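*Asks:* Questions regarding the structure given below will be posed in turn.
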Amino acid sequence: MKNNDKKPTSIVVFGGTGDLAKRKLFPAFFNLFLEGWMPDDFELLSLGRTEHTQEEFRAYILENIKAFSRIKNFSEDKWNAFKEKIKFIRFDITQEESFIQLKNQLDYIDTNLGSRANRLFYLSVAPSFIEKVSNSLKKNGLAENVDQDRMIIEKPFGYDKESAVALNTMLAQTFKEEQIYRIDHYLGKENVQNILAFRFGNTIFEPLWNNKYIDSVQITVAETVGVEDRGGYYDGSGALRDMIQNHLMQILCMVAMEAPTEFESTEIRNRKVDVLKSVRRINPEDINHYTVRAQYTQGEVEGQHKRGYLQEPGVNPNSNTETYVAMKFYVDNERWNGVPFYMRTGKSMSEKASSVIISFKEAPCTTFKSTVNTLKPNKLTIDIQPEMDIKLSFMTKKPGLEMQLKPAEMVFDYFECSPDTPEAYETLLLDALDGDSTLFMRSDQVEEAWDVISNIQTAWEKGNVSKMYTYPAGSSGPEAADELLKRQGHYWFTNSQETLKSEENA
Ligand code: NAD
């Protein structure tokens, strides 16, 4: 829906002076504006605690747009038009007076418009403020119109299942579920959305998408960054909560879900919840069989010395928080019975890479008995970031007089087709403006995802139940993570181009 069809909207960013707002939200709004996706009439009210003049704040936004925006070439006229939409408001969430001022401001916008504008509230603040903001919005009647008023909530959504249920219950007192947009920015990434297009927009893959043909699935989200200056926050969270419960679990849903009957929010989210309900819960006594956790020690990442996790500022030197997790899940339904889903995520790893790899079963080796050792199972790789592509590996005849086989690859490269794809936050903000919640998490989805990891959380919190392994910063993780797969004759796949080259040269 391009701008002309959109209703006038007042966008309110709580935490408008924070890190997320400067790096992601304002650049995303600006890019949507440049490309004609914002409503013709909108106001961007940015709330923060410190005093700024409008000119100072707009200059600060411009500086960050120049640093972080996808689109860096834009005319001064465009910026001048955009900056008129930005209004900084000094605001203290803890003070009721601030909400009264906000109400006056929103009413003023409506009066000038001559109609009630839609309202989009973005809570880019610490989770501890969600309840206060929600209650004060209710008390002041700021978000009463179910069809027009929406609230975007950032991760983390809860700390465990219990706290997520409590948060959902609290929010339900003020908002209808359709007004709440729980964001997981991974769902806005192009190649994550592409999983559905690839699976359900083609005839040739879906018939193979089951335990008859698929041997195992690997989902990896590896980061080269450590905890940087967020040690205090991270130490209370860890890789299981920060990554597995949300990003990796959502990718799992996209890979494993049944076909939705239509591309529609309720239907798609129902199918995702079905997957989460089918994920086998790991019994506390089996935790070590299914999971590996680890912390990085000092090492070198991309040529730079990195200190160990326990030496990071803000981190408890005796911390029991994991920076790396590898685990195995099963989805106990007809389609996936017996297929292991391996997941891993870590900080301070050797390379930044997020991918899904579907490994198919070995071809029956009746025809090529003599080349059985060189036969490689087909592999489908979906690279999410920084590469964005889909690769299918298959066997071909090696050119020459003999009948020998070698692996080859078909590649669909997103950057080649469209070098300038939108950022995840652009996609998600646009959907929220349009009232499309397909790519946001419903309450039951969040609760079910917490439920999947609940036993692991409990066991790990006991501390002595499973070992905390270590891995040097800049490595590919602890050896124990390799052992997890080796037991079933599997191994972690590395970058498929490198693997392919070494296989070709073998
Ligand atoms: P931040 O600490 O940089 O910013 C927090 C904002 O809250 C600041 O603008 C601050 O002024 C404001 N604030 C604090 N107390 C306030 C009060 N009493 N009244 C009014 N405003 C107040 O945090 P951030 O990194 O921008 O993160 C914001 C939210 O987004 C958090 O929930 C975080 O978990 C989530 N998130 C952030 C990132 C990221 O990349 N930064 C990524 C994913 C999720």
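Here the Cβ of each residue, glycine as well, is placed from N, Cα and C on the backbone.
TrEMBL does not curate its annotations; it predicts them automatically.
The active site, proton acceptor annotation in TrEMBL covers HIS247. Marked as NADP(+) binding site by TrEMBL: GLY15, GLY16, THR17, GLY18, ASP19, LEU20, ALA21, LYS22, ARG49, ASP92, ILE93, LYS155. Per TrEMBL, the feature substrate binding site maps to HIS185, LYS189, GLU223, ASP242, LYS347, LYS352. The domain 'Glucose-6-phosphate dehydrogenase NAD-binding' annotation in TrEMBL covers 12-194. The domain 'Glucose-6-phosphate dehydrogenase C-terminal' annotation in TrEMBL covers 196-492.
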*Asks:* How far is it from GLY15 (NADP(+) binding site) to LYS189 (substrate binding site), counting Cα to Cα, in Å?
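*Replies:* Taking the Cα atoms only, GLY15 (NADP(+) binding site) lies 23 Å from LYS189 (substrate binding site).
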*Asks:* Report the largest Cα to Cα distance, in Å and rounded to a whole number, among the residues HIS185, LYS189, GLU223, ASP242, LYS347, LYS352 that the record lists as binding substrate.
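*Replies:* Between the most distant Cα atoms of the substrate site, 20 Å.
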*Asks:* How far apart, in angstrom, are the most distant Cα atoms among the NADP(+)-binding residues GLY15, GLY16, THR17, GLY18, ASP19, LEU20, ALA21, LYS22, ARG49, ASP92, ILE93, LYS155?
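*Replies:* So the binding residues stretch over 21 Å, Cα to Cα.
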*Asks:* Write out the long-range same-chain contacts of LYS352 (substrate binding site), meaning residues 6 or more apart in sequence whose Cβ is under 8 Å from its Cβ.
*Replies:* ALA222, GLU223, THR224, VAL225, GLN385, PRO386
*Asks:* Ligand 1: which of the binding-site residues THR17, ASP19, ARG49, LYS352 have a Cβ closer than 6 angstroms to it?
*Replies:* THR17, ASP19, ARG49
*Asks:* Please work out which residue of ASP19, GLU223 has the most C-beta neighbours within 10 angstroms of its C-beta, and give that one of the binding-site residues.
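*Replies:* Answer returned by the neighbour count: GLU223.
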*Asks:* Across the domain 'Glucose-6-phosphate dehydrogenase C-terminal' (196-492), what does the pLDDT come to on average, as a whole number?
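*Replies:* The average pLDDT of the model in the domain 'Glucose-6-phosphate dehydrogenase C-terminal' (196-492) works out to 94.
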*Asks:* In Å, rounded, how far does the Cα of HIS185 (substrate binding site) sit from the Cα of ARG49 (NADP(+) binding site)?
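*Replies:* The Cα atom of HIS185 (substrate binding site) is 26 Å away from the Cα atom of ARG49 (NADP(+) binding site).
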*Asks:* In this structure, which of the binding-site residues ALA21, ILE93 has the fewest other Cβ atoms within 10 Å of its Cβ?
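*Replies:* Relative to the other binding-site residues in ALA21, ILE93, ILE93 has the fewest Cβ atoms within 10 Å.
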*Asks:* To the nearest whole angstrom, state the Cα distance for the pair ILE93 (NADP(+) binding site) and HIS247 (active site, proton acceptor).
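*Replies:* That separation, Cα to Cα, works out to 29 Å.
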*Asks:* To the nearest whole angstrom, what is the C-alpha distance linking ALA21 (NADP(+) binding site) and LYS189 (substrate binding site)?
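*Replies:* Counting only the Cα atoms, the answer is 18 Å.
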*Asks:* Give me the count of other Cβ atoms within 10 A of the Cβ belonging to LYS189 (substrate binding site).
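*Replies:* Taking every protein chain into account, the count is 24.
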*Asks:* Taking only the Cα atoms, work out how far THR17 (NADP(+) binding site) lies from ASP242 (substrate binding site), in Å, as a whole number.
*Replies:* 23
*Asks:* State which of the following recorded positions has the fewest other Cβ atoms within 10 Å around its Cβ: ARG49, HIS247.
*Replies:* ARG49
